[in-house]
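Since the structure comes first, as structure tokens, the remarks are kept for the end.
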Amino acid sequence: MTGINGVALAILIVLFVAVAVMGFLAARWRRSETGLGSLEEWGLGGRRFGTWVTWFLLGGDLYTAYTFIAVPAAMFTAGAVSGFFAVPYTIVLYPIIFFFLARMWSVAHRHGFVTPADIVQGRYGSRGLSLAIAVTGILATMPYIALQLVGIQAVLEVVGLGGRSALARDIPLFIAFVVLAAYTYSSGLRAPAMIAVVKDLLIYIVIIVAVLYLPGQFGGWHAIFDAAQAKMATPKPTAANPQAVTGVFVPTAKQYWAYASLALGSALALFMYPHSVTAALSAKDRSTGRRNAMILPAYSLLLGLLALLGFVAIKAGTKPIGLDGKVNPQLVIPQLFEDHFPSWFAGVAFAAIAIGALVPAAIMSIAAANLFTRNIYRAFFRPDASDATEAKVSKIVSLLTKLGALGFVLLLDKQNALNFQLLGGIWILQTLPSVVIGLFTRWFHRWALLAGWAVGMVYGTVTAYGGCTACTASTHFGNSLAVVPGLGQAGYIGFTALLLNLVVAAVLTLILRAAKVSNGTDITRPADYFADAGDRGVAQQLDVRGSIH
Amino acid sequence: MAEDAVEPAPPQGSATGSVEQTDPRWRPSPTKVVAGLVLLAGIVLPLLVGTYASVEPRILGFPFFYAYQLIWVFLAAGCCAIAFLLLRAEQRRFEARSRDGGTAGTPGQDASEEHR
């Protein structure tokens, strides 16, 4: 931990540069005649990615650097409820998206919808609701981008860059940011799609090697689990709870709902994020998403094993201490790799994580930019903006969101970044009734949905800031759980807020329908939700100029 | 090509949104119900934490809590595969019927005829 790990750093730089070059070259990949001038081409890759590219893109999208750093760190610190819920989250995710992803693709390709806010606008004809969805999407995405940069920072710190000198700490991150911003600006969505392939291959190799090699070094899985169990049972009394233990090895009855609601709520929220929708809509036909639902679970297995590396670190006695001398659990995985692998392989692992930050950060910033350009800029300021203008605005906004995220990471305390991400998850989940239920039925009234959204947002935000008394013993993840009114147990705040959201929306819908208040215009027809590539009226390459049709 | 040209759909001003019954694919068919149940199983069963929150029996050294969830990764993929195949078969039947005779039979109608 003293000095810089030269070999690891060298490998990290080489791989990073190679990937950056790929990012720039990606502009040439499967390009159409119009080049990357249209928002369609830049922001959606021209919508022609097949099953395998989509698989890598979605995987690169779903499994971010933050995931790889934070999940094992949570396992290391506080055990199963805080960390392992990521596995059932990814298990239930695929059956869930199976229900609605194909419909979303179909109606989007039939009507030129690019963002979730477009879908809502088309289905309900409500600019207010569409604006709410757009703003929520942008707000929820920004801290997520920031956390990818935190992931890069963790890797750089273990390599030895950082510490007391602010310059040493910030400059490498700044360089990574500039590279990211530059190739996203020039290549749009094609860049992360191409890099996702490299990133996923690297991650697979690193994790498979780690999981096969490391347990043997520490006495096998049985011994590792025993060590974890012992650590989690160690008393760690707090002022509020003198009986408290360090963490959770296997959840107790009082923690079942917390675990299940974290998994379910996170799964429901994931595809509400604009970047997930972006990746899904970039597929070339409606079934690609479903085919991916069958094969993406391979990533879940990887995530489970990665989480368990957090337990391996416990047995290995890893000490995640930052260059400032303070314990920083986010450093567990990089430190584990540096301690027990030869420097060159550690470098490869660090490159995998750093590149693993670039892909989602790029996609997230593109998606947030799309939202702003179409649903705020064009909807409210310049309805007659040309195709080229839209692409330009998107590029600039994408750059600004990354700059904002960088500022976030450099200026604010890490804990704040984590808290904002938790809030982001709670917020984005509140867009589910408007976006997804609308794909199946138009029963809900648009004003009721807006009210439900507002109630969910307020409840979720207030409760998350209120802290939590019935939670498991962990630091920031404690803010994601709160006692569920009426249940007496802790549950994921986002999920409780969603239920409240739905109840309010349902009640108000009944009232508004009884009062015969207009529910706006619906430009979609039932057949649109089953349209596939090659059908009449379904464009492979949509004309982005003009409004949604 | 003409097929790629976008066809503007006439706006549907509807306060109640009741045009959904016109497209046969909108209605739940037996195939859709079965596929839905399979998918629901893949969602609900892994969330019944009480059924697997124990350390014993260990599988390959992994406590049951952890091993069970890793096994479910494959089971969930299986559920999605079953649903995919069921829905694809139904889609192909629908396309074959549309080619053969326009209004001759829909997935929903077939099921109701079988019950007579």
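Note: Cβ is positioned from N, Cα and C throughout, glycine not excepted.
Features of the protein shown, as given by TrEMBL:
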- A:6-29: transmembrane segment (TRANSMEM)
- A:49-69: transmembrane segment (TRANSMEM)
- A:75-101: transmembrane segment (TRANSMEM)
- A:129-151: transmembrane segment (TRANSMEM)
- A:201-224: transmembrane segment (TRANSMEM)
- A:256-273: transmembrane segment (TRANSMEM)
- A:294-314: transmembrane segment (TRANSMEM)
- A:344-372: transmembrane segment (TRANSMEM)
- A:393-412: transmembrane segment (TRANSMEM)
- A:418-440: transmembrane segment (TRANSMEM)
- A:447-467: transmembrane segment (TRANSMEM)
- A:487-512: transmembrane segment (TRANSMEM)
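The recorded stretches the transmembrane segment (A:6-29) and the transmembrane segment (A:393-412) do not share 3+ CB pairs below 8 A when only pairs 6 or more apart in sequence are counted, and are therefore not in contact. Of the Cβ pairs linking the transmembrane segment (A:294-314) with the transmembrane segment (A:75-101) and spaced 6 or more residues apart, 3 or more are under 8 Å, so the two regions touch. The stretches the transmembrane segment (A:487-512) and the transmembrane segment (A:418-440) are in mutual contact, each linked to the other by at least three Cβ pairs under 8 Å (pairs 6 or more apart in sequence). Against the transmembrane segment (A:344-372), stretch A:201-224 shows more Cβ pairs under 8 Å than any other of A:201-224, A:256-273, A:418-440, A:447-467. Taking pairs at least six residues apart, the transmembrane segment (A:129-151) and the transmembrane segment (A:75-101) share fewer than three Cβ pairs below 8 Å and do not count as touching. Within the chain carrying the transmembrane segment (A:75-101), a Cβ under 8 angstroms from the stretch's Cβ atoms is held by residues 62, 67, 228, 232, 246-251, 255, 258-260, 262-264, 266-268, 270-271, 280, 289-290, 293-294, 296-297, 299-300, 303-304, 307-308, 310-311, 313-314, 318, 320, 329, 332, 436, 439-440, 472-475, 477, all 6 or more beyond its ends.
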